[in-house]
Amino acid sequence: MAAIKLLVLSLACACVIAHSPIPPASRTIFLDERLEGGAFENIDAFENIELSNVVASPYRLPTTTVPTHYKILWIIDIHQPVQTYSGNVVITLHATQAQVNEIVIHSDHMTLSSVVLRQGDTVIPTTPTAQPEYHFLRVKLNDGYLAYNADNAVLYTLSIDFTAPMRDDMYGIYNSWYRNLPDDANVRWMATTQFQATAARYAFPCYDEPGFKAKFDVTIRRPVGYSSWFCTRQKGSGPSTVAGYEEDEYHTTPTMSTYLLALIVSEYTSLPATNAAGEILHEVIARPGAINNGQAVYAQRVGQALLAEMSDHTGFDFYAQDPNLKMTQAAIPDFGAGAMENWGLLTYREAYLLYDEQHTNSYFKQIIAYILSHEIAHMWFGNLVTNAWWDVLWLNEGFARYYQYFLTAWVEDLGLATRFINEQVHASLLSDSSIYAHPLTNPGVGSPAAVSAMFSTVTYNKGASIIRMTEHLLGFDVHRTGLRNYLKDLAYKTAQPIDLFTALESAGNQAGALSAYGSDFDFVKYYESWTEQPGHPVLNVQINHQTGQMTITQRRFDIDTGHSVQNRNYIIPITFTTGANPSFDNTKPSHIISKGVTVIDRGVVGDYWTIFNIQQTGFYRVNYDDYTWNLIVLALRGADREKIHEYNRAQIVNDVFQFARSGLMTYQRALNILSFLEFETEYAPWVAAITGFNWLRNRLVGKPQLDELNEKIVQWSSKVMGELTYMPTEGEPFMRSYLRWQLAPVMCNLNVPACRAGARAIFEDLRVFGHEVPVDSRNWVYCNALRDGGAQEFNFLYNRFKSHNVYTEKIVLLQTLGCTSHVESLNTLLTDIVTPNQMIRPQDYTTAFNTAVSGNEVNTRLVWNYIQANLQLVFNAFASPRTPLSYIAARLRTVEEVVEYQTWLNTTAIQSALGTNYNAIYGDSVATYNSILWVSTIEDSLSTYLTNGNDVIEPSTSTTSTTAAPTTVTQPTITEPSTPTLPELTDSAMTSFASLFIISLGAILHLIL
């Protein structure tokens, strides 16, 4: 082992001394992709490491004892100058095997004043010991073992007194402040919780893993004048034995995991819905200033409808899950998680729950609806049936994300089935295209940090996409039957993926839904091919239009190289249709392929376009031979465009952008295909285009091709913007309004005169005459007024932010204030972000700071100057200094800027301030360097198209007939993208890369040694 370390260290030293040439930088997944994403998204940092040879994690609790019941008293001192919580927990537990002499549970950041183990009334002498590195409390018997009986468990009780200061980091039991109305001078404090994934151990000693389910009886002691809420209905309330307090006792919970508990102590008001007996079944609670202004009405209506719809869909009524359950939706002023599915007490940021018809735009309206749906779906997928461990978190979050869209679509007309394509399928295909992407089922997750990393785009978005693919494989009714059986069989238990697979397979077999796929089709292996291995395939389709023979080669897609060297085969459901008889309605697969090369008979001969993956139900990309691409382009530019499903047009846009980025296709070819956007007016293709163009435009800043590309985008968007116009029309469909909300800011960024002038005029109408800007136009109107204005415009909007009572409007303002380039105004904003002054909330620091950097192209330098002048103040505001610095690194535009930034990082004072974060922060600058170098490899191809325009493609005609595919086929030659030659690095850059190499080498050593 020592010899290996010495050898590697010697190699590393040799690299530094010799300044050996660095291989061309081919990494094209860049830092800013971690920063681009909507609310409630979990954007991967592409830093997950595939784990193998997994051993039991030292962070996992032993299963030698298990709890059955907790009795908890929480004492919440939210009204005191020093805010604390304390209490007592009595855990009923038993041994699961003989010769157990130690009980191991979780406890962290608490003072324990008493730890007593009893069997009945007999005290068992023990020695408690803390093991803080694993958050463990070890209670060792001084003599003998716990009694064990396999047939009749011998019960013990472990009683622990605890106390802790109220947290302020939005984990465990923490404090939050609010004003009933913005001009209220009286700041009010409340206590609330966030336990997922590993923070229940901050609130009380417990078995803080999802697999240790138990029942809970809870009493909350609170100050007089406050109210409390818990997961279940209140059993009773009365004076405490301690003066100035009252105690609320709650009914027993269902059998549940610790991370799903929650409590609130506040002076909130409720908007209730009761049954005939007057019992509250569903309520929304929030600060009185929001409830009294009607901001809870929308969530109350939609929440009840979603709960009823999900109860019907699952065949398992929510209120039948346990007689003590009710549904409370709570708006929390400070809430880092966004929303949380605590069983019966769901918690949300205000912006994700409270709706005001005059001041909440369509974006936040749909967020409120679909986050309600996500959390309500968890009552079944996550709460009733829980992932056995966080390595299969997709069993919880994949289904919640799936129903976030489709459950909402059954209740509200918000275009969510369409938007699933852009927001879930396309987003997860990108995250999953890195060689570092983790599989959905990811053994080896142990530490709290590793658990946190599982809350990723792959887990949420890919999980939901694979579930959708499987639903189309089985059919909706069969899929629902299988899910109902899964929930029924595993209610109040934990689940592994095989439990889901067998339930769905059984339903499929009983209904005959799997017979069409042949006797060799193994449903479990199909599902495992998508959950147990990372990545996804690109299908390379070559069509002989004279014979109808289609040769399909699958390769794992790699965003950096096109085809991954880590090739894998997936079991892929295939659908396709042709121009001979186009049909995009039947999404049931016609073929299942699992081999590297497969031949399929198209069924017709002749020059007909062919499109695979109908409605993009499958989780894969499709690349065609050049001739077939030409036929598709002709169709998209002509009358056949309307025959091709909107989702498939969006699929083509997204695929083509990623093929060009990875080198599977030139940008000249890609833009030829994308030229059909000139005639496109639908939502999904244009949102896919916006995403692709924004990514490319960010990399072309300072390049001559940027202005030419901008002109082309304006040209192509003239038809859709001509139909939409810049102002909403009364009664228009939601998706038209939402497309305008997406496109209008882009038009202003492209300096379209109608947009810039319109924004200025609308803003002045607000500032001078008080006429409100239409809610769906405020994002682009505010931003462009600030870009074109100065201190006057900034002060007007900042005062509006400070005084507004609707949090969704405050967020829109916070997201646009950074558009100012006025230095003093920008510095005012930055100071209020990083100074604890109850002006901007900690949960919004990252949003506000990122907007300050990215809201205006000139701001990167201004914000970096501010950071350098206020280093400690900025670093203190964030959990990690990497957060604010990553925003700077992502927007450096030239090699000179990167080198200047790296030189600053390498100063002794900055390295000392960054500490252990230095390596990651320096690595961010290297990622940006790679981005700059990558652009040089595509400039010629881009320029060729922008200069010459579209290729001329001549249509051809032929007759239709059927033909059988040949019985054998020669595997086609796959053209690999060439590795581009990048500019040589400067000495400074070479030293930087050498340093990064050593950092990476150290990480590898840590893993393998």
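Backbone N, Cα and C define each Cβ position, glycine as well.
In Swiss-Prot this protein carries:
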type    : residues                     : note
BINDING : G338, A339, M340, E341, N342 : substrate binding site
BINDING : H374, H378, E397             : Zn(2+) binding site
SITE    : Y460                         : site 'Transition state stabilizer'
REGION  : 955-980                      : region 'Disordered'
LIPID   : D987                         : GPI-anchor amidated aspartate
Of G338, A339, E341, N342, Y460, i.e. the recorded positions, those within 10 Å of H374 (Zn(2+) binding site) when Cα atoms are compared: A339, E341
Within 10 angstroms of Y460 (site 'Transition state stabilizer'), Cα basis - binding-site residues out of A339, N342, E397: E397
Where N342 (substrate binding site) falls in three-state DSSP terms: coil
Length of the line joining the Cα atoms of A339 (substrate binding site) and E397 (Zn(2+) binding site), in Å: 13
Residues that sit under 8 angstroms from E341 (substrate binding site) by C-beta distance, when 6+ apart in the chain: L260, H374, E375, H378, M379, G382, N383, A400
E397 (Zn(2+) binding site) versus G338 (substrate binding site) - Cα distance in angstrom: 14
Cβ-centroid neighbours of Zn(2+) site H374, H378, E397, 8 Å, sequence order: E341, E375, A377, F381, G382, N396, F399, A400, R401, Y403, Q404
Alpha-carbon distance [M340 (substrate binding site); E397 (Zn(2+) binding site)] in Å: 11
Other same-chain residues whose Cβ falls within 8 Å of the Cβ centroid of G338, A339, M340, E341, N342, the recorded substrate site, in sequence order: Q194, Q196, A337, L346, T347, Y348, E375, H378
A339 (substrate binding site), number of other Cβ atoms within 10 Å: 23
Residues that sit under 8 angstroms from N342 (substrate binding site) by C-beta distance, when 6+ apart in the chain: T193, F195, C231, L260, L261, A262
